[in-house]
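Reading through the structure tokens given below for one structure.
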């Protein structure tokens with residue numbers, strides 16, 4: 001059972017709590033309380049094991065493919081969190097005995113996981129437990145754990161096994177060859193792993209410091225077994241005695257920089273890792289934790305400076321939750337890595353990057369931490385290699401980005417087979433990897449947005465122009481000439497609404513492709529004017545002089561579906577003619593995907609039912625380029641499509657929240673914002689089983705900042721249209737415009753903007769152009 | 001908690017029972033109650049899951065190597081036994097609620113596993129459960145399961161998930177690629193697996209028949225997930241209502257005969273398997289079970305006809321237990337397969353065959369079921385390919401059998417690294433695969449024994465002579481000339497006592513090598529006399545005319561350690577000079593291997609401590625060739641070595657039991673027999689965690705038949721020296737001598753022998769030669 005109100009005093013609205021333990025709902029807290037630092041993610045499984053646990057440790061970028069019939073994925077590394085505790089010789093478990101005063105908390109401010117409770121064993125011994133854990137933001141390789149057990153009423157024997165367990169798999173797939181296992185100085189455990197196909201070496205070291213009433217005790221026995229290495233500790237506690245265990249672990253891999261680049265030998269990597277662990281153990285949990293907390297304070301909370309006053313503290317908590325996770329998931333240390341759809345919190349979507357990053361997550365970084373945004377876009381630049389491979393395989397030109405991406409050079413990694421088809425009894429074929437093509441334009445859009453907001457010309461010169469030109473080349477080759485209408489079509493695609501496969505002229509796809517082509521034209525002409533030498537270089541590489549006329553000709557003749565008499569833009573050529581069914585049952589369901597208990601995908605393809613925002617996302621994105629769609633059109637489409645949308649994708653609600661705001665339905669927007677936040681937070685105990693919803697978490701931030709504050713890029717300008725919901729009194733946050741911080745404060749009746757060092761910036765507030773001379777305050 | 005006395009009436013001394021469930025001691029019954037038919041072995045994990053369970057399904061011969069750093073092993077196939085049951089929405093588990101009238105039983109006669117109990121849920125609902133399971137001896141591919149749940153006191157909701165789970169691994173190593181998953185007719189589940197390296201295809205099909213009060217209910221939902229496929233069933237029961245589920249499963253693989261030989265396509269294999277399942281489901285559990293029981297009656301119990309009268313029914317039970325397991329483990333259907341050291345009951349020793357087969361298990365088959373013995377020896381004949389490979393790799397000639405064997409052509413598959421070295425913190429190196437070489441002579445001995453007892457000339461002509469000649473060639477090349485003593489030595493070996501590594505002139509090894517060479521000489525000369533054309537063929541293949549003179553010269557000059565002044569034969573060149581330590585602590589320990597908590601192997605190498613019978617096995621074996629060692633020597637060595645032996649190998653006790661009998665210490669022999677039986681049976685709840693002790697189980701039979709009945713091959717004769725222990729009144733069994741059954745009945749005062757159809761056979765009873773003319777009765 002979850003409680004989001006337990007943070008008090010300086011931790012008010014900083015604490016996510018579970019107040020009742022249930023062995024049947026472990027996935028919720030494992031995911032939403034996961035610990036990470038962009039380098040690695042540690043799912044928050046409990047120390048003592050339970051049947052339904054999912055125990056995961058992922059290191060970003062270590063992708064491996066198990067074998068034929070599977071796709072590459074982030075492998076589940078050896079586990080260090082499990083501790084098998086015996087009390088008077090019997091297994092300790094919260095399923096047995098009696099548990100009181102139970103609470104498990106993720107402290108968002110400190111990025112620490114704490115769990116504590118009093119437990120009465122089946123034999124009547126009362127013990128007080130406290131577990132603490134963090135994944136350091138200061139030393140990216142470090143995991144700190146602490147366990148305290150106090151005997152309350154009777155003498156008790158405690159023993160426990162703790163070590164490194166390399167028997168973990170990804171739902172049965174083992175990505176690692178057995179490596180060496182070794183115990184140095186009877187204390188430092190080391191287990192090596194080597195991925196079977198991608199040849200990544202992993203070093204995991206763990207060491208323990210165990211005391212009873214402050215007096216150190218040594219391990220009673222060492223063990224090495226298949227894929228496992230561990231120690232046994234034993235102690236006798238009298239009432240009042242306290243056992244403390246600190247377990248310090250570190251993880252290094254051969255793809256870590258600088259090791260991967262400096263030709264350091266594996267033995268050196270092992271030595272560095274072991275020495276780091278020896279040093280860390282000297283410092284101890286408290287010292288290491290202190291540095292970690294300082295780092296969060298400086299790099300995260302002080303930096304983003306986001307605050308709201310709401311009648312309901314949950315709103316602020318959910319925004320902090322978003323920033324916590326956006327920090328934990330982002331591989332700010334290495335531009336060869338992206339963000340997985342479940343971040344580093346679970347096996348779901350295999351660590352793959354989707355359009356989720358560019359459309360739902362990246363805006364947060366683009367506006368508030370451009371360095372990270374640049375790293376994530378550079379990942380896509382490096383991904384041109386895979387994108388060109390995919391285009392070639394499909395007989396297209398240029399760069400066709402994979403629907404799902406792993407290591408940049410991998411190309412397409414979307415799995416081909418999914419859940420059961422209830423009609424045929426076979427697995428349903430997943431077509432996204434073949435025909436969900438809008439991702440290529442989505443990435444182009446993200447580059448555009450990044451450039452407009454940051455003005456990062458260096459990025460454009462090195463990476464951005466090449467990405468825009470090569471994606472435009474793809475689209476030019478992708479369009480299909482329709483002789484009947486004398487225009488170009490894009491047939492046989494999947495749009496954002498994945499309940500419609502093999503459709504023609506998905507509006508979102510066509511418009512975004514058009515945008516991508518237009519952007520290439522614009523940048524080509526800009527380089528002609530401003531940077532001939534760069535254009536020459538790019539031309540040599542990409543043959544732009546042949547591409548440019550095609551862009552002109554084809555983008556002009558590309559069919560862009562227009563609003564019908566009711567102002568509804570047809571989602572694709574057939575959607576509006578499909579039969580309608582009563583969706584009440586599915587709309588009311590607390591679980592996603594329930595439609596497929598009654599229909600298979602082939603049948604769903606024939607109904608007016610939408611998985612997620614499709615046309616609406618297009619409004620949101622393209623109005624940042626030019627005011628293509630007016631409020632009337634937005635409103636008509638919102639009211640047409642929303643009732644037909646099951647929000648079976650976590651990407652859907654936050655977009656609807658922003659759009660509801662755009663059409664002035666602020667209270668509806670607020671309720672959509674809350675629903676979006678409750679995908680991971682909230683009372684539903686199974687919604688995050690496979691991992692958190694990274695895009696939805698990015699969407700929470702956008703719903704607040706781009707929704708209620710109405711922050712928006714419009715062409716070359718920053719614009720605002722604040723509309724705080726009833727619950728909110730005030731909202732404050734910092735963004736970066738063209739490299740400079742801008743403080744924004746919104747109340748129900750005013751908008752205050754302050755620039756760095758009194759700089760001038762042009763703005764548009766509620767449709768009016770103005771200049772902010774250092775500071776601007778407007779009554780609303 | 002185990003009880004071996006619960007069989008009543010016609011099941012007296014047929015039932016192995018567990019009467020109290022403990023989630024901490026699951027391994028015991030999983031192993032000793034495992035179900036098998038030589039084709040496959042199904043570890044008896046409970047339907048509902050527990051943390052410490054080990055759920056295994058092995059199909060003989062499907063060896064696969066996961067990757068570098070590992071060795072080939074029997075892979076753990078997909079599981080069909082787990083059923084996730086929910087009672088009123090909560091997980092059913094015997095760790096929760098209250099359990100009464102619990103009993104789990106293996107019925108040895110029917111080869112059926114039954115578990116039943118009354119369970120009160122935490123909410124006070126009383127339910128009566130009964131689970132039944134068998135692995136058919138009639139249709140080797142078939143697994144039958146049945147579950148009955150009766151509501152006793154209140155209305156209750158029951159739901160359960162059941163299907164095929166391919167997420168199983170061997171302690172973390174995944175041997176299978178994901179294959180197709182499919183549900184035919186919403187009822188027949190099919191999961192395909194394909195080994196990663198050895199290219200074995202596996203088809204597993206399961207179907208359910210579920211009824212409430214006899215009325216069929218359909219599954220409520222179908223699922224396909226990664227490596228998994230399953231159905232959900234739901235039912236509401238009122239008091240008195242009974243839910244019954246039959247789950248019928250079959251398993252086929254591409255190495256099954258005749259599929260592997262007739263070029264049948266994989267699709268045909270799938271079709272055959274699915275049709276077999278459809279047919280089996282029609283017959284249903286009861287009909288399938290009936291055929292299975294008939295097969296056990298005819299092929300096993302009537303055939304072996306073993307009976308004893310003992311004051312303690314456990315003795316008979318343990319012999320029936322031995323026959324049960326010897327039947328379940330033996331791949332009588334396919335001579336390309338051997339018997340693993342843990343049979344098909346666990347991951348221990350990876351399904352590999354050791355000398356355990358030839359020395360401890362094979363005599364049972366050679367004496368009582370020669371067809372199976374021939375199949376197992378043919379496995380070794382096919383293994384010549386691997387043995388020649390190993391000899392070549394080691395720069396020897398002929399056939400050097402691998403210490404551990406898997407698929408016949410694999411050669412050596414012993415792993416190289418073992419448990420932790422408590423001094424260095426590294427893994428201990430396992431030297432057996434390099435220098436434990438007596439296996440080659442042990443196999444030669446088994447051929448000799450088989451030929452002597454069965455007179456199977458066809459086997460010798462096809463396989464046996466070639467095996468003897470090529471193993472002799474190995475030994476001739478292996479001997480090392482010692483100039484100082486003017487004799488051949490065998491240096492740097494491990495004998496049966498694996499606590500002594502890198503020793504010179506291990507008595508067992510030297511004597512057995514000598515036997516092997518002498519046997520080759522004898523057979524060579526026999527063929528010269530009797531079968532020149534065969535000799536010519538073998539000569540062409542093996543160059544015997546060059547080998548024969550070497551055998552003569554070298555066997556003559558091979559050093560054979562002789563009894564010292566105390567009649568003790570030195571186990572090797574240094575053993576008798578090593579320091580002695582007080583072994584009391586380790587002798588008293590109920591757990592094996594405790595010595596290594598105090599010493600590492602290097603230290604143990606320097607002490608007079610023996611893992612298992614070494615010199616004593618030599619007496620037992622070689623006196624079957626010629627009366628090399630008299631009772632006085634046996635006695636002296638027994639009394640010297642036994643106190644220094646920790647019996648840390650399960651092979652040890654049964655040999656000591658036989659030898660104790662040989663030296664007239666029958667009551668000591670009886671206690672050793674009991675201790676041997678209690679390695680798997682008996683009260684110790686962890687001794688069988690990694691699997692049953694196949695050699696010890698063969699040893700139980702030998703301790704009884706070769707020990708108490710004193711049955712022995714001596715040269716060309718069958719001999720008897722019955723010495724029943726106090727507890728035993730009578731013993732009866734059938735063996736086969738030169739192809740004909742011989743019934744033997746022993747009492748304290750008499751020996752009765754009856755041959756088939758009144759045939760004559762020469763015998764030796766207590767040292768006296770005599771002829772049994774059809775029937776012979778001797779007062780003792």
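The backbone N, Cα and C atoms fix where each Cβ goes, glycine too.
Feature list (source: TrEMBL):
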ACT_SITE  A:498  active site, proton donor
BINDING   A:355, A:356, A:611, A:612  substrate binding site
COILED    A:517-544  coiled coil
DOMAIN    A:18-254  domain 'Glycoside hydrolase family 65 N-terminal'
DOMAIN    A:320-702  domain 'Glycoside hydrolase family 65 central catalytic'
DOMAIN    A:711-769  domain 'Glycoside hydrolase family 65 C-terminal'
Other than A:355, A:356, A:611, A:612, the chain contributes near substrate (Cβ within 8 Å of their centroid) the residues A:354, A:496, A:498, A:649, A:651, A:652, A:695
As a whole number of Å, the Cα atom of residue A:611 (substrate binding site) is distant from the Cα atom of residue A:498 (active site, proton donor) by 6
Same chain, |i - j| six or more, Cβ under 8 Å of residue A:356 (substrate binding site); the result in sequence order is A:339, A:341, A:651, A:694, A:695, A:698
Record-annotated substrate contacts A:355, A:356, A:611, A:612; largest Cα to Cα distance in whole Å is 16
So the residue listed as 'active site, proton donor', by the Cβ count within 10 Å over all chains shown, scores 19
By the 10 Å Cβ-neighbour count, the most surrounded of the binding-site residues A:355, A:611, A:612 is A:355
In this predicted model, the coiled coil (A:517-544) has a mean pLDDT of 98
Across the domain 'Glycoside hydrolase family 65 C-terminal' (A:711-769), DSSP yields 3 helix, 39 strand, 17 coil
Spacing of the two Cα atoms, residue A:355 (substrate binding site) and the residue listed as 'active site, proton donor', in whole angstrom, works out to 13
For residue A:498 (active site, proton donor) and residue A:612 (substrate binding site), the CA-to-CA distance in whole Å is 8
